[in-house]
């Protein structure tokens, strides 16, 4: 079962680490998109959220301060779903479906992060 826990952490974390680096690599485009979506303070929040998800992903990956890392991910994922993926306001059916997929992906990943927090708690209580 330990191997499953390790493989699961790797598969889960790689998305956040890669996306976090994308916040820096594609900063200009991400800031422009965040401005278009009326996100608050995009110039500050794009790099800040990039750092949050890199640290959160690495924390879960290496099982180091796992709860704190997973909390960082939840704090990123839930507001991002509601601010950046407002599928209910998109008229084009294809674009709306794409945003809906991202919205529910973020919520599912937030749910997985909460499960990781719970499992880390159970592990530390033993």
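Each residue, glycine too, has its Cβ placed from N, Cα and C.
Proximity of distant same-chain residues to the transmembrane segment (6-24), defined by a Cβ-Cβ separation under 8 Å and at least 6 residues beyond the stretch ends, is recorded for 30, 46-47, 49-58, 60-61, 63, 73, 109, 112, 116. Among the features that TrEMBL reports, transmembrane segment is placed at 6-24 (among others).
The feature transmembrane segment is assigned by TrEMBL to 44-62 (among others).
Annotation source TrEMBL lists transmembrane segment at 68-88 (among others).
The transmembrane segment annotation in TrEMBL covers 100-119 (among others). Long-range contacts of the transmembrane segment (100-119) within its own chain (CB-CB distance under 8 A, at least 6 residues past either end) are made by residues 12, 15, 56, 60, 66-67, 70-71, 73-74, 77-78, 80-82, 84-87.
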